[in-house]
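Student: First, the structure itself, so that you have it in front of you.
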Amino acid sequence: MGLEPFTAEDPVFVDEDVLRDSHKPEDLIERDRELAEYQAALKPVIKGARPRNIFLYGQTGVGKTVATQMIMDRLRQDQENYDDLDVHVIHVVCKNLNSSYQVAVKLVNEFRGPNNKIPTTGYPPDTVYEFLWEHLKEIDATHAIFVLDEVDAIGNDDDILYELPRANDNGNVPVDETKVGVIGISNKFTFRDNLSARVKDSLCDEEIHFPPYDANQLRNILYQRAEKAFVDDTLSDDVIPLAAAMAGQESGSARQALKLLFKAGDLARGAGDEEVTEEHVRQAEPKVKESQVRNELESLPTQSHLTLYALLALDRQDDLPAKSSDVFEVYEVAANRIDADVKTDRTIRDRLSQLKLKGFLDVEEHNEGPKGGSYYLYEFGDIRPDMVQEVLQDVDRLDELFQKDITSY
Ligand SMILES: Nc1ncnc2c1ncn2[C@@H]1O[C@H](COP(=O)(O)OP(=O)(O)OP(=O)(O)O)[C@@H](O)[C@H]1O
Ligand SMILES: [Mg+2]
């Protein structure tokens, strides 16, 4: 048999893109309180006053980014009604930017044309900040609002979260020329707690929390999107309530709920079924979960990848569960092999605990009796070693490690 013809016929979806992350819903339901707080915090801008700095936090998939985009669109639109206002919004996603320096470079480059970008290394930090202040003076706006989305990527190196909110106070950007405000967005609760005191003081004028959605809220969100995504009457009645209940119980994430619904439809379509049923949602669940875990593993920093690699090597040699000192030994060889910084065994213990917190590892405490003390043994938690290997093999930085026999440690 040859190829089937490509046809636009689709018995399930009218527009599956409506269920994707990139789709902007027309309005944000179930977020009235948060949107009101958010708008109130930005209201001074329209009156020409200094913006308040805002720290927005809440778990993944709860609408932080989409709410921010909507509010900024609205602010840009409404300021048009005021002749004496000129508000610039600079929105950057800090994912993969591991330091304040990298964020500062990215911000500078937001103001520059394609042929004029500065490189991500080389300039002293003060010079990069100078560039930024110069650009702000050049645009000559009344307000500049910096949105730093997924800002937790910078970790403890939070200098930029001091410099930017203080740009007016420190005289780097005269307040009577441009009023500078910062909106920091994070899905890590620990990030705020670990900010240095001076940053907390300057960044957190206003804190807005986006709580997880419950199953009822997710249901409403899904109904709204499904109406445009699916062919009429293809969804059986229990599909949305089930997807909403699953996502509500597990994460409260609208993103996860939308993915479940999409995957259920996709499975029905693939099977040639005319109705999407509860059964499709149940089949979709482990698939969605696995792809989330993969994404999470992929986006870990190099040191965590190396730690996972060490565990994988031990697993392949049947040496799991293992003590952190054994993990460290393999880690050290591997880190040297790819010319990465070799951290201390204490750092690697911290990495191991972080991986445990994310559910990737299981830990068991062992007691050696009253004199022997106790130690921990680590092994993979709810993830398959094969999947860990598949993910790590695709990480460019680790290429060299997979050219050698992984059982040779
Ligand atoms: N109240 C809502 N109504 C409609 N769609 C929503 C709502 N909340 C979230 N979504 C949708 O869920 C998805 C995830 O939302 P968003 O990207 O804003 O999450 P987030 O809080 O920024 O997550 P992360 O911390 O992972 O960046 C998007 O597709 C968004 O359109
Ligand atoms: Mg986001």
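For all residues, glycine too, the Cβ spot is worked out from N, Cα and C.
The feature domain 'AAA+ ATPase' is assigned by TrEMBL to 50-209. Annotation comment: TrEMBL describes Val62, Gly63, Lys64, Thr65, Val66, Tyr213, Arg225 as ATP binding site. Taken from TrEMBL, the feature domain 'Cdc6 C-terminal' applies to 308-392.
Thinking about packing and proximity, how do these listed features fit into the structure?
Tutor: Looking at the domain 'AAA+ ATPase' (50-209) alone, the prediction's average pLDDT is 94.
Here Lys64 (ATP binding site) comes close to Leu56, Tyr57, Gly58, Asp149, Ile185, Asn187, Phe210: these same-chain residues lie at least six apart in sequence, with C-beta atoms under 8 angstroms from its C-beta.
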Student: Under the DSSP assignment, what numbers of helix, strand and coil residues are found in the domain 'Cdc6 C-terminal' (308-392)?
Tutor: 48 helix, 16 strand, 21 coil
Student: Where does Gly63 (ATP binding site) sit in the DSSP three-state scheme?
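Tutor: Looking at the DSSP assignment, Gly63 (ATP binding site) belongs to neither helix nor strand, so coil.
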Student: Cβ under 6 Å from an atom of ligand 2: which of these binding-site residues qualify? The list is Val62, Gly63, Thr65, Tyr213, Arg225.
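Tutor: Once distances to ligand 2 are taken from each Cβ, Thr65 fall under 6 Å.
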